[in-house]
Amino acid sequence: MNTIIEEYLNFIQIEKGLSNNTIGAYRRDLKKYKDYLEDNKISHIDFIDRQIIQECLGHLIDMGQSSKSLARFISTIRSFHQFALREKYAAKDPTVLIETPKYEKKLPDVLEIDEVIALLETPDLTKNNGYRDRTMLELLYATGMRVTEIIQLDVEDVNLIMGFVRVFGKGNKERIVPLGDTVIEYLTTYIETVRPQLLKQTTTQALFLNMHGKSLSRQGIWKIIKQYGLKANINKTLTPHTLRHSFATHLLENGADLRAVQEMLGHSDISTTQLYTHVSKSQIRKMYTQFHPRA
C-alpha cells in the first residue's frame, strides 16, 4: 500500500499541479486510511471492499470527524482507488457505491465597512512594521488574496504603474487582480522606503518581510491580524480569510458581477463564489428583521 500511495501522491502533484497544502491534506487522509486497514489486518489493496470502507467511515465518525472532513476523506480515497485501478495496481474499485455525505456550508464571518476601516487604521504608520502591516491589510482587503498567496508574493509580482498584482493561486494557477489608488499609494511607499529598511543584509525578493529581513510566515500574518483585531475591538473571529470574505461580499453588495468576483478570487467553481451572495442576502434579512415594524 505504501508504494501505491506514494505513486498516487506523485501523480496528483505532477499531473494535476496541486498545491503543497492540498497534497498534505491528501497525505493525511491516506495515512488515516492506511492505519485503519493495518489495524484490521488488511494487507493488500484487493482485499478492500465496500463493507470495509463503510466500517472505516463509521470509525472516523465515532472519532468525531465532521461531515465536511468525511466528505473530503471519501473524495481522497475514491480518487486513490480510481488511480490504483487505472494503473493496474488493483483489480477493482471498492468506492463505486460509496456515497459522499452532504454537509451544510457555513456562512463565513464578514466585517462591516466601519470594522474594516477600524482594522486598517490600527497599525502605527510611524514604525516600519506598522507601515508594513497597514500595507498588507490594505492589499488583503483590496484583492481578496489567500494568506498563502500573499506570503508567496515577490516584489516583481506587483505592477504599480499598470495597477495590478500577479497572484499564483491553488495549483499554481496565475491570475491578475487590479489594484485601487489607496493600496497603490501604500505599496509605493512600502516598496520604495520601508521594505529596504526591513531587508537588512538579506537578498530575498519576498514582498512582505519580518523584522529579520525574511519572508513573513503564514502564522506570523495570522498573529498580526488577530492582534490588530483585538486593538480595533472587533468582536468577530478574525483571520486573513475574513478579509477575503469581506472583499467578496462588499463587491457583490455593491453590484459587482459574480463572474468578475470569481476571477479575482481565483475560484475554479462559481458555486464557491455564489456562497457570498447568500451572505449578502442574510445581511439583508437581518436588517429587515431589525428595522421593519412588521418583521
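Placement of Cβ uses the backbone N, Cα and C atoms for every residue, glycine included.
So that you can see what the record holds, here are the features copied from Swiss-Prot:
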type	residues	note
DOMAIN	1-85	domain 'Core-binding (CB)'
DOMAIN	106-289	domain 'Tyr recombinase'
ACT_SITE	Arg146	active site
ACT_SITE	Lys170	active site
ACT_SITE	His241	active site
ACT_SITE	Arg244	active site
ACT_SITE	His267	active site
ACT_SITE	Tyr276	active site, O-(3'-phospho-DNA)-tyrosine intermediate
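Structure with Swiss-Prot features highlighted.
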residue: Arg146; record: active site; DSSP class: coil
residue: Lys170; record: active site; DSSP class: helix
residue: His241; record: active site; DSSP class: helix
residue: His267; record: active site; DSSP class: coil
- Item | Distance, His241 (active site) to Arg146 (active site) (CA atoms, angstrom) | 6
- What's the CA-CA gap between His267 (active site) and Arg244 (active site) in angstrom, rounded? 12
- Counted with DSSP (H/G/I as helix, E/B as strand, rest coil), the domain 'Core-binding (CB)' (1-85) has 68 helix, 0 strand, 17 coil
- For Lys170 (active site), which residues of its chain lie six or more apart in sequence with Cβ-Cβ distance below 8 Å? Leu18, Ser19, Thr22, Gly266, Ser268
- Item | Of Arg244, His267 (the active-site residues), the residue whose Cβ has the fewest other Cβ atoms within 10 Å | His267
- Just going by other Cβ atoms within 10 Å, which of the active-site residues Arg146, His241 has the emptiest spot? His241
